[in-house]
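S.K.: Under the heading domain 'CP-type G', Swiss-Prot lists 75-233, citing sequence analysis as support. The GTP binding site annotation in Swiss-Prot covers Asn124, Lys125, Lys126, Asp127, Gly175, Pro176, Ser177, Gly178, Val179, Gly180, Lys181, Ser182, Ser183 and rests on sequence analysis. Annotated Zn(2+) binding site per Swiss-Prot: Cys257, Cys262, His264, Cys270, in sequence order.
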Amino acid sequence: MTGKIIKGIAGFYYVYVEETKEAKETATGGTLYECKAKGTFRKQKIKPLVGDTVDIAVLDEEKHIGNVERILPRKNELIRPAVSNIDMALVIFASAKPDPNFNLLDRFLCMMEYQHVPVTICFNKKDLITPQKQQELKSIYEPAGYRVMFTSTKTGEGIDEIKHVLEGRTTTVAGPSGVGKSSIINCLQDDVQMETGHISEKIERGKHTTRHSEIIPIKDGTYIMDTPGFSSMDVPGFEKEDLWTCYPEFVEYEPYCRFQGCSHINEPDCGVKEALSEGKISQVRYDNYKLLYEELKNRQKY
């Protein structure tokens, strides 16, 4: 039997098995199995991750207890958060109240770029800003190649568009507190079958439990992962020299730099700074680049 690990805690792995075609007429959704991992994984120094697709052996069908027998090949593996098989990241910030922290947003974008995960940006609380402000926010991130969406959990605007973007994917959802992330997740769960509520109860999902990464089945083939905080840039191997490669809009202009290994800060004849002066790169993004570069530089000293 094959399923997906949706939560791992204290040596137990909770594996969600989607409903079978035969069971569709009577079942209310998939089934959750509480599993332990076989000792062979420990010997091979392999740790199952949230997001893994696994084969399980059922030990007790009535109590839904089993063993993880095999981990199927991973499409990708994120270091922070430690999860696998992610198709996309959805990062949620408020349009206002609180105003978006662009430095924090750019940190997250860099982390995902470094780990090769496509990102969609969602600005919630659309009802609090003008169309002009929406355009301002778009102008910072759309030139960098990011999809920018606006939602309002108050009016319901944009929620269907988000559902469409998430469909058929496993998406990690992140965002600081106070931006309406939980409200959006609740809206996305409107269509979730009854069994998922039971699953949430079984794995003790609560309002303040995002200390652990956890996958929420939305419907068969569509999953979202509620992700803990992301302010740290502590990804092994991530150095200041890598930072510019995590700014997609810099990559286009880097070949025009006079010096190889240009940091795009102090060097003359820099293609990136030239693009900045021509308004092709956002000043907000560039200012954050300099701050993050300095932070990584200082970290390397120690």
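Each residue, glycine too, has its Cβ placed from N, Cα and C.
So that I understand the layout, could you describe where these features sit and how close they are to other parts?
M.R.: The Cβ neighbour count for Ser183 (GTP binding site), using a 10 Å radius and every protein chain shown, is 17.
The Cβ neighbour count for Cys270 (Zn(2+) binding site), using a 10 Å radius and every protein chain shown, is 21.
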S.K.: About how far apart, in whole Å, are the alpha carbons (Cα) of His264 (Zn(2+) binding site) and Ser177 (GTP binding site)?
M.R.: 33
S.K.: Let me know the model's mean pLDDT on the domain 'CP-type G' (75-233).
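M.R.: Taking every residue in the domain 'CP-type G' (75-233) and averaging pLDDT yields 84.
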S.K.: Using a 10 Å cut-off on Cβ-Cβ distances across all protein chains shown, tell me which of the binding-site residues (Asn124, Ser177) has the largest neighbour count.
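M.R.: When each Cβ's neighbours within 10 Å are tallied, Asn124 leads.
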S.K.: Taking Cα atoms as reference points, rank the binding-site residues Asn124, Lys126, Gly175, Ser177, Val179 by distance from Cys262 (Zn(2+) binding site) and give the first.
M.R.: Gly175
